[in-house]
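Asker: I'd like to ask some things about the structure below.
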């Protein structure tokens, strides 16, 4: 069996003697091509069990991801129901969901510091508690837009951001060769959570209304999330490091991966947030719209596992490029031509798979390229760059939709928003290709 090789970044003190620079994924032909901060892996990083208690951690992270990822991804169902009740417009309501997601990025560096101080278990349990509390309080405030922003926006975002900081790094200390698979399983839990939540929320909203739907969601989140978070723990204490490693910005690889995340997150929430409205605009029922969102999330779960396995087989950078390219092409070529249920289902499946692949692949790219010793710091820095896409990606699509006729304007009104989202995904894919071919010009090399 082939042995996977990783590239690690170790930040040395300014006057320290540098070890010989090594780049395992894609050796450069000349020393001048190397980024100045790319170094050999830290000595303590290699002996990882590739299993053992790590699978328990994966199981716990998977349940946390079920709620931490699945809840924001099913916001479109609640958004559609609240819009039908006249609470506010889809554009404003999409801001509530975007605000919650954006705090993952806005608080990423703060959370990385908290992770090193308090550990995964406490962070995960606090995440589940805050999410459940936000849903319970939302059951009393959902008729007030300001209340929704405070509860389903800010409070939910705090819980979601804490959860993401746990699930994105906790398994890395236990896996090396199977790191892609481990991350794929964890983030697939988020996709499955979004799929199941979409069906459940649609049924609850129709039978019980928004208030009791929020309460039921709070109870189930707390009952399942707290035990799952309790079993998550780090193998060794997280390494203390600077809050921000500014020297990383001297690395071409880091700069471009930062930009990939910053640009690539803009289109990610557009399909799940607007699919219920789009389905209605082409004559489909609300139940069908909920089914499409569920299908998107289920496909996302498949993509997260599939891309995780693909990372271990062809390399994380190659997988990330394929994921973003399919996301962009499906939005600019397939979605605009989806005027009936059949093509729309095909779009939902393809885009869901590639969308989910982004989330399971990015932590694997960071762990493989930069090493796990300072993973919390580096992931925190990269995720901070996602704040613009998380906060403004879906609302920008909403404003474009309103400008071209609104949700009642049919497919023609939706197309500009589709082109906007798809073009940004393809731009991010281009940046990944730049990094990949700079590391190695060999097309079939595992990177």
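Glycine residues also receive a Cβ, built from the backbone N, Cα and C atoms like all the rest.
From TrEMBL, for reference:
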- 1-45: region 'Disordered' (REGION)
- 52-69: transmembrane segment (TRANSMEM)
- 89-111: transmembrane segment (TRANSMEM)
- 123-142: transmembrane segment (TRANSMEM)
- 148-169: transmembrane segment (TRANSMEM)
- 181-200: transmembrane segment (TRANSMEM)
- 212-232: transmembrane segment (TRANSMEM)
- 252-270: transmembrane segment (TRANSMEM)
- 253-447: domain 'Major facilitator superfamily (MFS) profile' (DOMAIN)
- 282-302: transmembrane segment (TRANSMEM)
- 314-335: transmembrane segment (TRANSMEM)
- 341-366: transmembrane segment (TRANSMEM)
- 378-397: transmembrane segment (TRANSMEM)
- 417-437: transmembrane segment (TRANSMEM)
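What's the neighbourhood like for these features in this structure?
Answerer: Taking Cβ pairs closer than 8 Å, the transmembrane segment (52-69) reaches residues 120, 124, 127-128, 131, 159-160, 163-164, 166-167, 170-171, 173-175, 182, 185-194, 221, 224-225, 228-233, 235, 359 in its own chain, all 6 or more past its ends.
Long-range contacts of the transmembrane segment (89-111) within the same chain, counting only residues at least 6 positions beyond its ends with a Cβ under 8 Å from a Cβ of the stretch, are 72, 75-76, 79-80, 82-83, 123, 145, 148-149, 152-154, 156-158, 160-162, 164-165, 243-244, 265, 269, 273-274, 277, 379-395, 398-399, 401-402, 407.
Sequence-distant contacts of the transmembrane segment (123-142) (same chain, at least 6 residues past either end, Cβ-Cβ under 8 Å): 60, 64, 67-68, 71, 82, 87, 111, 114-115, 148, 150-152, 155-156, 158-163, 165-166, 210-215, 217-219, 221-222, 225-226, 228-230, 232.
Beyond its flanks by at least six residues, the transmembrane segment (252-270) meets 9, 35, 37-38, 72-73, 97-98, 101, 105, 320, 324, 327-328, 331, 355, 358, 362, 365-366, 369-370, 378, 381-383, 385-386, 388-390, 392-394, 396-397, 417-418, 420-422, 424-425, 427-428, 431-432, 434-435, 438-439 of its own chain at Cβ-Cβ distances under 8 Å.
Mean pLDDT across the domain 'Major facilitator superfamily (MFS) profile' (253-447) comes to 90 in this model.
Distant neighbours of the transmembrane segment (378-397): 9, 91, 94-95, 97-99, 101-102, 104-106, 108-109, 111-113, 164-165, 168-169, 244-245, 248, 254, 257-259, 261-270, 273-274, 362-363, 366, 370, 417, 420-421; these residues of the same chain sit at least 6 beyond its ends, with a Cβ under 8 Å from one of its Cβ atoms.
Using a Cβ-Cβ cut-off under 8 Å and counting only residues 6 or more beyond its ends in the same chain, the transmembrane segment (417-437) has close neighbours at 26, 252-253, 256-257, 259-260, 263-264, 266-267, 270-271, 274, 317-318, 320-321, 324-325, 327-333, 335-336, 393, 396-398, 400-401, 404, 447.
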Asker: Mind checking which residues reach the transmembrane segment (314-335)? Cβ under 8 Å, same chain, six or more beyond either end.
Answerer: 25, 180, 260, 264, 267-268, 270-271, 303, 307, 343-344, 346-347, 350-351, 353-355, 357-358, 361-362, 364-365, 368-369, 418-419, 421-429, 432-433, 435-436, 439, 445-447
Asker: May I ask which of the stretches 148-169, 212-232, 282-302 has the most CB pairs under 8 A with the transmembrane segment (181-200)?
Answerer: 282-302
